Amino acid sequence: MALLLKPRRHLSNTCRSLLLRRLCDGSPAPPAPADPAPPPLTRAETKLLDALHAALLDHRRANPAAEIPVSPPFDAIPPLSDAVSGLLPSPPPPHLPLHIIRRLLALRRGVPLPEAVAFFRHVFPSLPGDSLPDLYATMIYLLAKHHHFPLARHLLDEMRERAVPISSQLIRALIRRYVRAEMPSEATDLFRRMDEYGAGAPDPATLASLLAALSKKRLASEAQALFDSYRSVFPPDVVLYTAVVHAWCRAGRLDEAERVFAEMQQSGIMPNVYTYTAVIDAMYRAGQVPRAQELLCQMIDSGCPPSTATFNAIMRAHVKAGRSEQVLQVHNQMRQLGCEPDIITYNFLIETHCGKGQGNLDAALKVLAKMTAKGCVPDCHTFNPMFKLVLVLGNIDAARKLYEKMRELQCKPNVVTYNCLLRLFNQEKSMDMVIRMKKNMDVEGIEPNMHTYAILIEAFCGRGNWRRAHTTLKEMIEEKSFKPSKQVRDMVLALLRKAGQLKKHEELVELMADQGFISRPASDALWSTL
């Protein structure tokens with residue numbers, strides 16, 4: 001009843017535009033911790049940060065079975081506390097703990113979560129009050145990212161009890177994490193209880209954000225139920241309707257999407273470019289090309305001109321199907337209607353030129369030159385199709401030039417970029433460049449994935465370097481919990497046997513068995529089976 005007495009609020013034009021664009025053009029959501037960045041570190045503080053980070057990781061390696069607590073009491077970890085106390089001055093720099101937790105937040109695998117919780121508990125009593133909101137929020141982001149929701153909620157309740165300010169941004173981030181973990185009821189419950197945490201009453205902007213998160217997880221029924229339950233509180237507008245239409249489109253239920261689309265029009269709310277784009281995109285994905293084209297014509301006739309996102313949606317369907325001619329036709333149609341290409345458009349064009357049946361690196365490079373001339377800044381997804389093509393062609397000179405071009409444009413590679421380069425240099429027997437590329441990855445904070453490890457292990461085994469092969473496979477299993485393929489593990493084990501390193505061979509077998517990656521062989525058949 002209290003909600004019904006709240007004044008009705010609507011989304012600002014800027015907020016509306018951003019939410020709808022994220023819904024319909026495939027733009028990635030911003031990273032969760034969008035709070036102000038902590039002050040930069042001095043050289044001495046950076047060195048201290050590295051030492052603390054290493055201490056947390058070292059403890060995790062030595063205690064892989066340690067579990068994260070889910071509720072009080074939070075017992076200290078004496079060896080870790082001693083190590084941290086020996087490194088940190090008293091009192092510690094207020095912003096240093098935040099840098100540590102943010103560095104852990106950037107990791108995807110091998111995160112020392114029990115150690116992170118112990119570190120948080122160790123340092124926060126000695127920190128000033130104004131540094132606590134960001135530190136608590138980042139710790140909650142970290143826990144929620146790895147689905148430790150009971151402890152995340154405990155910290156949220158602790159913030160409330162200690163009167164540490166809780167931002168609506170933190171609540172929205174936690175709501176999105178619940179949805180990503182496919183826990184929509186918990187997300188909805190937190191949305192309804194925002195006011196209890198001092199983050200303001202539920203509002204249309206947060207409702208739209210929640211609906212968008214549900215749609216991305218294809219939880220359309222839950223999005224529809226939530227939308228219906230708040231009709232009397234927030235009169236539906238084009239933003240909320242579009243979010244529900246998009247949810248049904250993502251779930252592959254075009255019949256329901258069209259029902260809500262029609263209901264929207266009957267309510268006197270005209271679909272906008274984002275609503276049309278969502279349905280057109282879904283129709284193309286479902287292979288209903290004539291219906292999608294008909295809706296596009298209806299969109300134009302209604303006085304709603306298509307946007308770049310609309311054409312990107314059409315182009316995406318043709319790129320996925322390998323219809324290169326149609327991709328170029330859509331691009332021409334965009335130009336005729338005065339729609340400026342964006343980075344997604346250019347990336348699709350480059351992917352088309354680099355795809356099967358085309359393999360035209362020169363054409364892709366011309367698109368790159370055109371987009372940079374237009375002031376459109378490329379990203380790693382611009383370059384990755386070209387790297388994949390030069391890998392197929394085995395053109396190492398072209399790969400070097402592309403990598404230099406990325407650096408010139410200040411475009412940060414990702415793990416896919418480096419995997420292509422590692423594989424190419426390995427094929428060319430250039431071990432120096434393989435090691436250099438891996439060092440660059442480490443310096444730039446780009447986490448290796450299982451393919452990275454497989455390429456490195458193949459490179460080391462190919463040169464008979466059993467030490468590096470053994471270390472890399474151990475890191476892959478122990479720190480990142482990646483399951484090596486049979487080919488990869490057999491390659492390393494065979495090399496160890498050949499080098500007479502039977503003890504290391506046995507340790508690896510035991511490690512893989514402990515992780516459940518292989519069946520534990522009988523002791524008398526350990527060597528004969530492997």
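Just so you know, glycine gets a Cβ as well, placed from its N, Cα and C.
Looking at the repeat 'PPR' (237-271) alone, the prediction's average pLDDT is 95. The repeat 'PPR' annotation in TrEMBL covers 237-271 (among others).
Secondary structure of the repeat 'PPR' (272-306) per DSSP, as helix, strand and coil residue counts: 26 helix, 0 strand, 9 coil. Summarising the annotation, TrEMBL assigns repeat 'PPR' to 272-306 (among others).
For 307-341 (among others), the entry in TrEMBL reads repeat 'PPR'. Beyond the repeat 'PPR' (307-341), the same-chain residues lying 6 or more positions past its ends with a Cβ under 8 Å from any Cβ of the stretch are 21, 24-26, 273-274, 276-277, 280-281, 284-285, 292, 296, 299, 348-349, 351-353, 355-358, 371, 374, 376.
According to TrEMBL, the feature repeat 'PPR' maps to 342-378 (among others). As a summary of secondary structure, the repeat 'PPR' (342-378) carries 25 helix, 0 strand, 12 coil according to DSSP.
DSSP places the residues of the repeat 'PPR' (379-413) in helix, strand and coil in these numbers: 27 helix, 0 strand, 8 coil. The repeat 'PPR' annotation in TrEMBL covers 379-413 (among others).
Long-range Cβ contacts of the repeat 'PPR' (414-448) within its own chain (Cβ-Cβ under 8 Å, at least 6 residues beyond either end) map to 106-109, 380, 383-384, 387-388, 390-391, 394, 396, 399, 403, 406, 455-456, 458-459, 462-463, 480. For 414-448 (among others), the entry in TrEMBL reads repeat 'PPR'.
The repeat 'PPR' annotation in TrEMBL covers 449-484 (among others). Below 8 angstroms of C-beta separation, residues 57, 60-61, 64, 109-110, 415, 418-419, 422-423, 426, 431, 434, 438, 441, 491-492, 495-496, 498-499, 501, 504, 508, 511-512, 515, 517 of the same chain, each at least six residues beyond the ends of the repeat 'PPR' (449-484), sit close to that stretch.
Secondary structure of the repeat 'PPR' (449-484), assigned with DSSP and counted as helix (H, G, I), strand (E, B) and coil, comes to 26 helix, 0 strand, 10 coil. Packing against the repeat 'PPR' (342-378) from elsewhere in the chain are residues 25-26, 308-309, 311-312, 315-316, 319, 322, 324, 327-328, 331, 334, 385-386, 388-390, 392-393, 395, 398, 405, 409, 411: each is 6 or more residues past its ends and has a CB under 8 Å from a CB in it. Helix, strand and coil content of the repeat 'PPR' (237-271), in residues and according to DSSP, is 26 helix, 0 strand, 9 coil.
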